[in-house]
Amino acid sequence: MKPQLVNLLLLCCCCLGRHGVAGTWSWSHQREAAALRESLHRHRYLNSFPHENSTAFYGVNQFSYLFPEEFKALYLGSKYAWAPRYPAEGQRPIPNVSLPLRFDWRDKHVVNPVRNQEMCGGCWAFSVVSAIESARAIQGKSLDYLSVQQVIDCSFNNSGCLGGSPLCALRWLNETQLKLVADSQYPFKAVNGQCRHFPQSQAGVSVKDFSAYNFRGQEDEMARALLSFGPLVVIVDAMSWQDYLGGIIQHHCSSGEANHAVLITGFDRTGNTPYWMVRNSWGSSWGVEGYAHVKMGGNVCGIADSVAAVFV
């Protein structure tokens with residue numbers, strides 16, 4: 001069967017699956033069909049690279065009904081945050097530990113299941129709060145969901161669901177010593193709200209310190225930071241992640257277009273292509289059960305440019 005016919009059948013099936021067979025298509029349905037058609041063309045290009053070394057593969061997912069500019073506006077809400085090259089004055093030194101072939105903080109039961117930021121550009125808040133949750137659990141305390149909405153509503157110099165900087169959020173949390181409350185007390189709404197204040201006596205988790213690093217060309221040191229300090233907040237270029245289904249991301253992203261904040265929980269160097277295990281905030285149905293695998297070395301997607309470790 002010709003590829004054009006396959007794409008047409010897929011287009012029809014997907015759209016019928018979303019909108020049913022009754023009635024006529026509205027303008028919004030036609031727009032979604034046009035976006036899906038553009039996605040199919042884009043997938044052909046993204047998958048045109050040789051499929052070797054477990055390279056990533058791309059296809060139809062929950063974002064295929066969005067044009068790239070819509071996807072970027074809705075889901076890529078992180079601002080670039082400059083970090084000094086390691087080592088630099090003021091940075092916490094990294095112990096010179098031996099690197100295992102594979103390590104994942106999930107195996108230590110200190111990483112919560114993947115969350116979903118929905119149509120809120122609050123990735124910067126999700127990554128920071130997830131790092132704090134894990135840092136607390138690494139100390140032997142319970143692994144709880146903390147309030148992302150509290151950071152979205154209250155963080156100074158950030159814009160909530162319209163975007164923000166994870167380093168700016170960490171600096172604000174550290175300087176104010178604000179206590180993050182449980183998600184159940186201040187649940188996620190996926191929209192900006194008015195900041196709710198809690199008494200200082202309120203139980204919660206505060207950020208004692210954080211360190212920001214630029215590990216470009218030093219990803220072994222970055223792996224040591226992960227081992228020594230816990231999951232790391234990073235900012236990446238995730239435009240091509242709109243179409244990601246699995247495999248190891250090695251191409252199709254830039255080290256100069258940071259737009260999305262995520263959390264690195266581990267790495268795997270057992271195969272031909274070593275990779276970072278990257279926890280996203282687009283739900284567990286995206287990627288590899290909510291994770292992306294990004295090649296270690298070469299600063300793929302700018303993953304080593306702005307890296308933060310959190311201490312609670």
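Glycine too: its Cβ is placed from the backbone N, Cα and C atoms.
Source: prediction; values computed, not measured.
The disulfide bond recorded by Swiss-Prot for Cys195 reaches one of Cys154, Cys161, Cys253; that cysteine is Cys154.
Of the listed residues (Asn96, Asn157), Swiss-Prot tags Asn96 with N-linked glycosylation site; the rest carry no such note in the record, though that does not show they lack it.
Of the listed disulfide-bonded residues, namely Cys120, Cys161, the sparsest Cβ surroundings within 10 Å are found at Cys161.
Cβ environment of Cys154 (disulfide bond): Leu178, Cys195, Arg196 lie under 8 Å away, each six or more residues apart in the same chain.
Neighbour density at the Cβ, taken as the number of other Cβ atoms within 10 Å, is lowest among the recorded positions Asn53, Asn96, Asn280 for Asn96. If you check the recorded positions Asn53, Asn96, Cys120, Cys123, Cys161, Cys253 against His260 (active site), the ones with a Cα inside 10 Å of its Cα are Cys123.
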